[in-house]
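Only one structure is covered here, and it is reproduced in the block below.
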């Protein structure tokens, strides 16, 4: 019988995936063998086979329901900053005015049932005093929401802050962070995510192991295919075909659940549905490429600035006051955002507005074109004038958008990384969409097409710009020169299959919050180009004491306990003898301690003088000797080894593809040293002229 606790891992330790896969394979063989013996065993085998699919069904249902609740609650609280519905305070602005018979097409967002705070408090809807009252109430609600968010995170689940993507990727690579995927983190993140988004901070709501990551993207963006590709390409170290299908199933269940809840009120799964009526032209690839270049340049600038700010937060007194930091940033955001309608609205609402393709009856400022004069006799304008000359409303919208672009770029740098749940997708898309809309209107006003022809669609440029900057948003954990995930997510977000090609050209840059946090993550896409060998990286080094090892016989329980207590290693190689150093196997520290403690309690006669035996047959002992302690059953008899002259690029690939925790170095069968994942990361940091001690976790 296996001992409880043997084979498990301590917090902030790395999983040995080779050992876990072997144990799982042995478990399946045992279940299959027993299934032939009785009907009950057969039913248990069937239950085990379908347990994974059942889990994915439950994950999909829960994620879809949570996402729908988050969307509805965030929309409601965002509107509450500006007013309240008299017929039911739980209605947001749009739902409040749905049933009203007193709205007009031009002012469909105004109805008697919805009252601004100035109307409720001062009885005025216009004028300077009403503006000040609404301004102060907007600031009050923003500060209240952000204070509640950061306070709940600090009190109940500190792991709930941030986007979670670096941590999820690190966990999937085999690193144990206990509590990060716990119930309190889920509950706190769900509640505080609503509050943080509703406060108006420049952050997104994309949050939420391989299939779970796919489900998270699926419900965050209504993109089940993009979610699976996201998990396959970016999050998972190991992604077999079985996991692929289960992830897709969970993503579809989550998307169907979200579609049934219909949080967007448009009877569609996609968040930003677009329906452009004019195709793009080959000549427009040039401005599309410019948007890609903008996405890359802005990404590089943002990465450098944000990492510098986060490093300052970690190394100065600023990091000691997370609540004050959140409140100050919220106050600055609200004070600067309220006067501009494009920064006052939520990120999702802003992107939807920018993607909009203007129609004749559209009342948006972005559609403020001059009405054509049908009586004008001068029609020989040729290609020198735009088909739709810009009017006063459009010019006003353009300078407001220009200010919004600068504001979003600056405020996102200091917002991302604070101690509240935060995503980067929506703010990045907003920056790209603003830049794209500005460029699109500029191209439209150049008048390349003759009057009456729909040549330039500014909304399409906004979509391309959002796709260009969406690739940058994923900088926190990876670098990928062949990025298709962002394009697929954009296609599913908008439903615009025809516009995939112009969404593709963009630049990607990479720097990692994983490195900033010191997580022991081995980037699978990073090339190792140094010519070092395994002997250059292994421990012990020449100046280090000899490697701590166990011998297969001859050591007593007391000697083993003394060795374990005098070191902090996670495991010990087992050799034939100190003289020969011939490798026998490998034993994990936790398994060793649990087995010795259990033997002292349950096995009669085991004392400190008892011999510890790792051989198959017990050697002869004096009659008066205490009974030995046999530990061969918990030893790994086939530890992974490389020779001392194995190139490090091959060793790194072995660690990446097999998910190794450690690898033993031998020469002609004799043990020389050990290489752990942390040793490799420190070596790579030294090669890149980074501080090797920045790898914080053991």
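Every residue gets a Cβ built from N, Cα and C, even glycine.
Your range for transmembrane segment, going by TrEMBL and the list 53-74, 75-96, 97-118, is 53-74.
Listed ranges 19-38, 159-178, 179-198, 319-338; the one TrEMBL annotates as transmembrane segment is 319-338.
Against the transmembrane segment (244-265), stretch 53-74 shows more Cβ pairs under 8 Å than any other of 53-74, 128-150, 397-417. Within the same chain, the transmembrane segment (128-150) stays apart from the transmembrane segment (424-443): fewer than three Cβ pairs sit under 8 Å, each pair at least 6 residues apart. For the domain 'CBS' (635-692), the DSSP-based tally of helix, strand and coil residues reads 23 helix, 18 strand, 17 coil.
Counting same-chain residues at least six beyond the ends of the transmembrane segment (424-443), those with a Cβ under 8 angstroms from any Cβ of the stretch are 163, 202-206, 220-221, 284, 287, 290-291, 294-295, 298, 342, 347-348, 350-351, 354-355, 366, 390, 394, 398, 401-402, 404-405, 408-409, 412, 415-416, 456-470, 472-473, 476.
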